[in-house]
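Down below is the structure, laid out as C-alpha cells.
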Amino acid sequence: MASDGTRTFLLFLAVLNLSNLVAGSYPTTLRDNYYQTSCPTAEAVVKKVLTDHFNGVQFGLIAATGIIRLAFHDCHVDGCDASVLLDGPNTEKKAEHNGFLQPTSLDLIDKAKAKLEKVCPGVVSCADIIAYAARDSVVAAGGGSFKVEGGRKDGRVSIASHAQSQLPTGDMTVDALTANFKRKGLTRDQMVILSGSHTFAAGHCHNLVKRLYNFRGTGKTDPSIPPAFAAQLKSFCPKKTFNDTIIFSLDQVDPLSFESGYYKALQQHLGVFTSDQSLYDDTRTRPLVNQLTSNPLFQKKFGDAMRAMGRVGVKTGSNGEIRKNCRHVNPKA
C-alpha cells in the first residue's frame with residue numbers, strides 16, 4: 001500500500017498534469033528571445049517587413065488593425081497555432097466571423113515568412129510571426145511595446161465551425177464574454193483589457209444591424225445608445241441599404257492611435273457594439289474600465305494581457321510543425 005507521502009506526491013502529479021491540459025496553461029517551451037541562437041534576426045525581419053509597408057504605402061497603417069485582429073482570431077480558436085492562416089474550403093478563414101480578415105495583413109505575414117525562410121529555413125513558426133507582428137503593429141500605431149515569447153509550433157488543423165463557435169461576438173454581455181474568455185484560460189480582467197484593442201479597430205454594419213434595428217428581437221434600437229449616437233451609426237448603416245464595405249471606428253474618442261480613448265468612449269456611452277458598452281454598464285467591470293482610461297496603465301496591462309493570450313493552446317513538440325508556407329501544412333514525408 002502506498003504511503004501517505006507517496007499518495008500526496010501522486011496527487012500532486014495528477015493536479016499538475018490536469019493544469020497543463022487547461023486552455024491557456026503556461027507552456028514551458030515558450031520564452032523571451034526564443035530565436036536568439038537559432039535565428040537572431042527573426043524579430044527584426046518581421047518588424048522591417050511591417051515597417052516598410054506602414055511607411056511606404058498610403059494608409060499603410062490600416063494593415064496594423066488587421067494584424068492585431070488576426071492575432072486575436074488565431075489564439076481564440078484552438079490556440080495560438082496560426083490555424084487562421086491555412087487555406088482550404090472549410091478552414092477558419094471561411095467562417096462568417098472571419099469574413100473581414102484583411103488580405104493585406106495576411107500577405108504581410110506571408111512576406112515575413114518568405115524572408116525568414118531565406119535567412120533561417122524551417123526555424124521560425126508562422127504562429128510566432130503573428131505574435132511578433134501583432135506587437136509591432138501595436139507599437140506602430142502609437143501603443144507601448146512589450147516582450148513577446150516565442151516557441152509556438154504551427155497547427156495542422158483549421159476548421160471553420162470552430163471559429164464560428166469559439167470567437168466572441170459583438171452582442172455578448174459581460175457574463176457571456178467572461179465565460180468565453182475563461183474557456184481560453186483568461187480572466188474577466190484580461191477580457192476587459194484585451195477588448196481595448198478596439199481602440200484601433202474598425203467595425204462593419206453586418207455586426208451592428210441587430211443593435212440598431214432589432215435589439216434583443218424587439219424590432220427597435222438598443223435604448224441604451226444615446227439618440228444622437230444612434231442616429232450617427234444609422235447614417236453609417238442605413239437599414240434598407242446597408243453596405244458591409246463601409247467601416248467605422250470602434251473608438252469614438254481617438255480612433256487614429258492605439259491608446260486609452262476606447263475606455264473614455266465607453267464612459268460617454270459611445271461603445272459601438274453591445275460587447276463594448278456592456279464593459280462600462282456592468283458594475284463589475286466598470287471600475288477597471290475607469291482605471292484603464294489612464295493611458296500608461298492601459299499600455300502596461302495590455303502588454304501583460306497579450307503575453308497571457310499568447311500562451312493559449314500553444315502547440316509544442318510533435319503536436320505541431322514549422323510550416324514552410326503559412327497557408328499550407330507541410331507535405332507528409
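The backbone N, Cα and C atoms fix where each Cβ goes, glycine too.
Worth saying up front: this structure is predicted, and the values here are computed from it rather than measured.
Taken straight from TrEMBL:
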SIGNAL    1-24  signal peptide
DOMAIN    29-330  domain 'Plant heme peroxidase family profile'
SITE      Arg69  site 'Transition state stabilizer'
ACT_SITE  His73  active site, proton acceptor
BINDING   Asp74, Val77, Gly79, Asp81, Ser83, Glu92  Ca(2+) 1 binding site
BINDING   His198  heme b binding site
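Mean model confidence for the domain 'Plant heme peroxidase family profile' (29-330) is a pLDDT of 92. Taking CA atoms as the reference points, Gly79 (Ca(2+) 1 binding site) and His73 (active site, proton acceptor) are 9 Å apart. Taking each Cβ in turn and tallying the other Cβ atoms within 10 Å, the top scorer among the recorded positions His73, His198 is His198. Taking the centroid of the Cβ atoms of Asp74, Val77, Gly79, Asp81, Ser83, Glu92 as the Ca(2+) 1 site, the other same-chain residues with Cβ within 8 Å of it are His73, Cys75, His76, Asp78, Cys80, Ala82, Val84, Gly155, Ser158, His162, Ala163, Gly313.
In this structure, the C-alpha atom of Asp74 (Ca(2+) 1 binding site) lies 16 angstrom from that of His198 (heme b binding site). For the residue listed as 'heme b binding site', the nearest of the recorded positions Arg69, Val77, Asp81, Ser83, Glu92 in terms of C-alpha separation is Arg69.
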